[in-house]
Amino acid sequence: MALKDYVLEKDKVKKFLQEFYQDDESGKKQFKYGNQLVQLAHREQVAMYVDLDDIAEDDPELVDSICENTKRYARLFADAVQELLPQYKEREVVNKDVLDVYIEHRLMMEQRSRDPGAARSPQNQYPPELMRRFELYFQGPSSNKPRVIREVRADSVGKLVTVRGIVTRVSEVKPRMVVATYTCDQCGAETYQPIQSPTFMPLIMCPSQECQTNRSGGRLYLQTRGSKFIKFQEMKMQEHSDQVPVGNIPRSITVLVEGENTRIAQPGDHVSVTGIFLPILRTGFRQMVQGLLSETYLEAHRIVKMSKSEEDESGAGELTREELRQITEEDFYEKLAASIAPEIYGHEDVKKALLLLLVGGVDQSPRGMKIRGNINICLMGDPGVAKSQLLSYIDRLAPRSQYTTGRGSSGVGLTAAVLRDSVSGELTLEGGALVLADQGVCCIDEFDKMAEADRTAIHEVMEQQTISIAKAGILTTLNARCSILAAANPAYGRYNPRRSLEQNIQLPAALLSRFDLLWLIQDRPDRDNDLRLAQHITYVHQHSRQPPAQFEPLDMKLMRRYIAMCREKQPAVPESLADYITAAYVEMRREAWASKDATYTSARTLLAILRLSTALARLRMVDTVEKEDVNEAIRLMEMSKDSLLGDKGQTARTQRPADVIFATVRELVSEGQSVRFSEAEQRCISRGFTPAQFQAALDEYEELNVWQVNTARTRITFV
């Protein structure tokens, strides 16, 4: 491999910066980097970003050289820009800072004291880092796909790499010294020391010619006002949960951020970082013990926060015709729900609720007040009903997820911890499981085993979707926009039908009301059901897959891509449904009060119905919520309540469905009035009755002359 001629390379860089242009909409040439040079010369811009895709159009070999030896070419580009700036300076800089005045004053004083034509002494030569008043960063080529942190190894040292992950820790922004300026106490000469590493050894003895000749032993004193500082921040990145192989610990990497790239990311943000992978020698006692080993870090050039859509992360593109055909078949809602954990038998309604949790509702922000769109679900039940298996499957299916258990989690581990940095000794904030699951799902198993003090830490997350921190002088608010999926056992291990609901659940009402759906899964003896379950389990053990069904379950990757597409939709509730939803909620409140319902029905129940309805509309990829969506949301709400009431909730339906249907229709009208046939039928179906049961009740009460149905079967009129 031939040696590079860096003088020739600098000429190439200058030519590119001066001549590269793009055509705008009107066809005029826009010199992209020429305009940036003008702004840099007039201090209207601080950072210059060089897109390697632009260089690739003219010189692909130069792009390869930059990616292979990025640090050297960054200095080369900076020197080229510094030499070009005087050509683009059209006027004097108006807004001068302290360093500008200092450098101008020193240059003027030196010109007065120096003989005309004499060269400057090399010790007093101003370093280029001091004179450079701009920052230069590279944007990686589009062909450079983001890599997993564990794939960045020793062969990437010195190269430009792009990694993707989640920010776990961010330090405070501090000034880092780039050039140290010293003044001699004997001769008054100034000495400059460029600093390349985070640590340096200050100069003590004056190296000027005068002090060396006179042997006066002048000592140097640091002059802070004449030194140059740059903003500096340290960041810790960790792999996404979907990038970690099963059984492995997530890898992390240190990112050093400088200048204009600081304060972009916070703990919990999902970011893509382009930078130079570099080693750094250990210092102090660690260097003596582990002298041959080096720490590695990423010198950030570009930080991009990932958008809300999961498309960037899961690689979701356009669906093929075959995939669209699979999804848009009849009963696609049931098919998608049954594709969740197909190895687990039954739990159809629970799987539908989990599907809606993955899709989520629509966030609302009326006049700054935020109403969450994420759906929270609690699965409570006897041991051995596959609660943990459902949580584990959702954890694998969701693009962003965190899985934790109640016994092994503290309130600090769920929210955020304040840690002391090992290098600087300052206090930094590290996000917990709820922060890392931002815009995803946080699965908490053994929810009932958590200590009460730790459980109260998630109250704010479940409603406000934020975590407020006031620890060790750090006052801040972190985003925790995640859905909570919790699994718990009843008190004393199993559900006791002889005890009341409060005695069995033993969770506070403030917490229960924050769950949109609270599902009780009981293990009741039933010969037919037990036989089907046993056959299902034995088949799975024999063949290591689910039994053959009427349809083929959808692939996990396809489901993830379809859910990502659904989340891009923002359906709204039309005005025509407002009265219907209001009446349904008022009726639920009346029923709960009349029956002394143990479940807590509040305004959050109405918000839960709206969230479930918008999630169903998202699932159908439409922009408007329809009546069927509201009915299905109410049905899921009723089924979850019935699961809590157990036999009490089913008594009325199993004994006399017709009586319950009559009461339901009667609630829709005032005394002596009529009701639309379709409205009454939909309300009864939303309560869990079949059309056949509705028709039988209609005929029975029509024979009793309680009501009459018109010939067109459009209205029901009470006699």
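Each Cβ is built from the backbone N, Cα and C atoms, and glycine gets one as well.
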Report the candidate from ASN248, ASN489, ASN496, ASN504 that shares the ATP 1 site with TYR345, GLY384, ALA386, LYS387, SER388, as recorded in Swiss-Prot.
ASN489
Check each of the ranges 81-124, 389-432, 521-564 against Swiss-Prot and return the one annotated as region 'Interaction with RAD17'.
521-564
With Swiss-Prot as the source, identify the stretch among 281-284, 321-324, 513-516 annotated motif 'Arginine finger'.
513-516
Let me make sure I understand the structure: which of the recorded positions listed (LYS15, LYS28, LYS387, ARG514) has the fewest other Cβ atoms within 10 A of its Cβ?
LYS28
Just give me the nearest neighbour of SER388 (ATP 1 binding site) among the recorded positions LYS28, SER365, SER500, ARG514, Cα to Cα.
ARG514
Considering Cα atoms only, can you say which of LYS28, SER500, ARG514, SER678 is the nearest neighbour of LYS387 (ATP 1 binding site) among these recorded positions?
ARG514
From the Cα of GLY384 (ATP 1 binding site) across to the Cα of SER500 (phosphoserine), what is the distance in angstrom?
22
With DSSP, how much of the region 'Interaction with RAD17' (521-564) is helix, how much strand and how much coil, in residues?
26 helix, 1 strand, 17 coil
Given the recorded positions LYS28, TYR345, SER365, ALA386, state which is nearest to ARG514 (ATP 2 binding site) when distance is taken between Cα atoms.
SER365
